[in-house]
Amino acid sequence: MADTTPLLPPYSTPSSSSSSASSSSSHQIPKPSPHSIDDAIETHIGATTTAAQLLPASLAALAWVFDAQQTFINVFADAMPPWHCTSPSCSEAAAAAGSSPCNLPPSSWSWSLPPYTSTISSWSLQCSSPALLALPSSSFFIGCLTGGILLATLADSRLGRKNMLLLSSLLMSLSAALTAASPSLLVYATLRFICGFGRATVGTSAIVLSTELVSRRWRDRVSIIGFFCFTIGFLSLPGIAYVARGESWRTLYVLTAAPAFVYTVVVYFTMKESPRWLLLKGRRLEAIETIKKMTGGGDKVINSSFSDLAFVVQHVGADEETSDNIFSAAKTLWQNRWAFRRLTALMTVSFGVGMVYYGMPLNLGNLSSNLYLSVALNAITELPSSLLVFCLVTHMNRRSSTLAFTTASGLFSLACAATGGRGGWLEMAAELAAFFSACTAFSFVLIYSIELFPTCVRNSAIAMVRQALVLGGVFAPLMVAEGRRRRVLSFGVFGLVIGCCGVFAACLPETRGKGLSDTMEEEECAGACGN
């Protein structure tokens, strides 16, 4: 059943406005105090110029560029390099062995590129088991999963949005740089785990911080900026890899880690903390200073003009017990049945989307097309997906859109499996359509997560949803490795999983046009939890 909660806050309804006006006497009666942090902040930043709101939000969203690069860098660093025969007896034996030189004498073949261009040729992994070949990618996603569990609630409890973004970006960039010095596969997989651990909350902190730095009219569109940045990062990766195709795979890690570190330094000196989080934690003076800088008022704006913030802090403090306990937000989500029900359904959908979203790019090596071209086309596919969501997000229902795109992705994945590797461009078109649908579903899942949960647990809830997405990514490399033998174990499984998991979106309430709540009680009073 769709959410029928009024879009206007209670204090700003036409009737209350007219009543307030009619009760005016010779002296001016103060405006009714806002009922939530969102309402209070809106009165101060709602009329702020577009640039003043979008520039800080865009800087926060830029973290997704480096997130994307580290997520898909294994597609090139761990790619199977080309090889050729060096003796007359090689051609016949190579034809019998297929595309692998494993059954050939070492002296009868050679790598076409220097061995240092790929981890497989560097450490002679060409004949290793699928599990060993998938170890670096799976380690990265397991690190994402572990980091999401251990770090998810810190942004809601102790660190805040900005500090969590700083910590995650710093750990991700430093571990990526150290990966370039890996002496063995074990060290390499360990550093990929650490990189994934740090990367776990980059996207979550970025999207929450960017949406909490803008007014309501920009909130939907700002959340899409992060998806555009992720696409830019994904699209830049095949370009960087192509330019450095004759260089060591270690160079690729250095070229992606350095800009991420520079970004971390810029964020440290220029980014402001979310005023919503500061107010929720009772840090009113810090919130006022942040809002002053956001509105361009500086010290000229007197603190008395922010008296409404004092009221709302007291109001929230009376209704919501905030705690600095690391797992307080997770405990809150667990104890409230409506929140737990929403989170479970959304995480199930996210798991299916994650298997396709992360699995499809990793599975491109199993197609007959050029790897650089295939990855570039997949990255480009994210642009129309993000553009579609950006332009129509205010007009599209969250629930029905998520259902439609997960179903479409499942059907196209099954169609790709049905081609049996003989489809050529038809096979590539089906793969791109499946990935496009998964990307769009991914966007709606994250927007849905922002709107379904209040400020006090929003970062934690989104982090858990993203960890379900990453959990799908943990299984994806294994399916890809097995798919080299039987395609139904990659594309076929991808299609079935995302199609079945997407059905759970029907259990969620519709949130299009609904304002953001700040406390659990406020969300319950909105009536959405009863749907």
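Keep in mind that glycine also has a Cβ here, set from the backbone N, Cα and C atoms.
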Stretch carrying transmembrane segment according to TrEMBL (options 43-63, 64-84, 400-420):
400-420
In TrEMBL, which of the ranges 131-152, 461-482 has the transmembrane segment annotation?
131-152
Can at least 3 Cβ pairs under 8 A be found between the transmembrane segment (487-508) and the transmembrane segment (400-420), with each pair 6 or more apart in sequence?
yes
